[in-house]
């Protein structure tokens, strides 16, 4: 079973934190709250719906950190004229992502901004 103040869904435990932290600090905080804890990973529409039902009553219309980071750096990119992508000028600021507490939209945010967040861990055995 999940800890008493966490919610259970599909083999995972979840908790909304009404604390504002940077992405790094929120991820670290989640690892300290529960064994195997991390920022929430949203892998299905059902999981997003569950997160919204959990987070909206606490945070109202807001944004929460999710466990997705550096997505664009992992994409295969190329120039329209098929030239090799040899010169790169990415900013040093990694891209982190937030989810809305009202629908299934995600947005990029600078990782050093403080946001609310949702932690997730596996149900303890």
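Positions of Cβ are set from backbone N, Cα and C atoms, glycine also.
Feature annotations, courtesy of Swiss-Prot:
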DISULFID  2-13  disulfide bond
DOMAIN    9-120  domain 'C-type lectin'
DISULFID  30-119  disulfide bond
DISULFID  96-111  disulfide bond
CARBOHYD  112  N-linked glycosylation site
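Helix, strand and coil residue tallies for the domain 'C-type lectin' (9-120), in that order: 29 helix, 37 strand, 46 coil [DSSP]. Long-range C-beta contacts of residue 119 (disulfide bond), restricted to its own chain and to partners at least six residues apart, with a cutoff below 8 Å, comprise 14, 15, 17, 29, 30, 33, 34, 37, 38, 39, 40. Cα spacing between residue 111 (disulfide bond) and residue 2 (disulfide bond): 29 Å, rounded to the nearest whole number. Around the Cβ of residue 30 (disulfide bond), 24 further Cβ atoms fall within 10 Å across all displayed protein chains. The predicted model assigns the domain 'C-type lectin' (9-120) a mean pLDDT of 88.
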